[in-house]
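Everything on this sheet refers to the single structure shown next.
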Amino acid sequence: MATENCTVVTEFILLGLTDRAELKMMLFVLFLVIYAVTLLGNLGMILLIRITPKLHTPMYFFLSCLSFVDACYSSVIAPKMLISFLVVTETISFSACIMQHLFFGVLVTTEGFLLSVMAYDRYVAVVNPLLYTVSMSKQKCIMMVTGSVIGGTINSLTHTISLSKLSFCGPNIVGHFFCDIPSLLILSCSDTSMNEFLLLIFSGVIAIGTLLIVFISYLLIALAILRIRSASGRQKAFSTCASHLTAVTIFYGTLSFNYIQPSSQYSVEQEKVVSVFYTLVIPMLNPMIYSLRNKEVKEAAKRAIEMKSFSC
């Protein structure tokens, strides 16, 4: 009978980013602009790479995949968050909450894998430039991206399935703006120790594994750069990696703050702030990070604008 009583929660109430009415409209406008810039920047990057033959290289293939993932996973979160600023009480059904968690988990983990793949790509480009196109064949690139998606799916399915088996007796108030697993675990009336263990192990192994690939790749890149005699050559080699290294640092810095910690140290308010960065701000910044210091992207964008102006 106790188990039956623990099946009453069929929907959750999302508290959103703030409950202060005077801030809601301002935040709605702010995050609507951020979301619009995110979509415009990432979809624009994909289109620019597609229409520019010079950018049809492994590096930009991975960048277009990263842009697609950024656009998708911000879209999993942003619409529901924006609605929460306009209504008094924002609710989400249990099944919709589970699906949001599933898709977000797949996409954010895929992004982590893609960043490590891109580090390996930069390693091959700097250390073996003459064999770059041979080593990073189209088939190999597609396999790497496919592997990243499969890895992200396995990770997210593991947590989603274990989460769906929990019982929720109430309260049903999620102190967050989306269905993130730590904020859901504290609402369950079941034993969540296994869920916490899986979250810690999977997040830790994936983070350490992907960061190890990034670290080794950049260590070998640094050694290769030091062997370059000309200052201009060293500068060119470093500039090809600086944008990616910046993106990796921001992405893993925010995610590790949230997920690689026990529930006893979990704070909803600090987690909300950090979550804004990796769900909305980072997807917006990535196109800027990869384009502002990239001469090829800037030239391609300039040509595209000139062609558009000429056609008009």
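Even glycines carry a Cβ here, placed using N, Cα and C.
Per Swiss-Prot, T160 and K295 occupy opposite sides of the membrane [differing topological domain names].
Looking up the ranges 55-75, 160-180 in Swiss-Prot, the one annotated as transmembrane segment turns out to be 55-75. Cβ neighbour count for C97 (disulfide bond) (all protein chains, 10 Å cutoff from its Cβ): 22. If you take every residue in the topological domain 'Extracellular' (1-25) and average the pLDDT, you get 74. Most Cβ pairs under 8 Å with the transmembrane segment (272-292) belong to 55-75, among the candidate stretches 55-75, 100-120, 197-217. When Cβ atoms from all protein chains are considered, those within 10 Å of C189 (disulfide bond) total 15, not counting its own. Touching of the transmembrane segment (134-154) and the transmembrane segment (55-75) is concluded from the presence of at least three CB pairs under 8 A, sequence neighbours closer than 6 excluded.
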